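Step one of this worksheet: look at the structure below.
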Amino acid sequence: MKLTCVIIVVALFLTACHAKDKQEHPAVRGSDDMQDSEDLKLAKKCTVDSDFCDPDNHDCCSGRCIDEGGSGVCAIVPVLN
């Protein structure tokens with residue numbers, strides 16, 4: 001029984017030492033991944049031009065929603081050179 005416990009402890013110790021050398025900066029990489037996923041969740045996407053929008057509360061990329069009797073369409077704004 002004692003031999004089994006010693007073998008298990010040695011195996012765990014060797015496994016932990018081997019895995020410890022695999023990642024140089026695990027905390028830094030983990031926080032960067034977390035930040036990227038939070039940014040994606042918090043990023044607000046706008047409605048593209050010519051898609052339907054709500055005239056009272058629109059989120060058009062162009063910034064303009066043309067009211068067409070209750071429903072609206074995001075305005076297509078030409079780029080002037």
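Each residue, glycine too, has its Cβ placed from N, Cα and C.
The record in Swiss-Prot lists a disulphide bond between Cys53 and one of Cys17, Cys61, Cys65, namely Cys65.
Out of Cys60, Cys61, the record in Swiss-Prot bonds Cys74 through a disulfide to Cys60.
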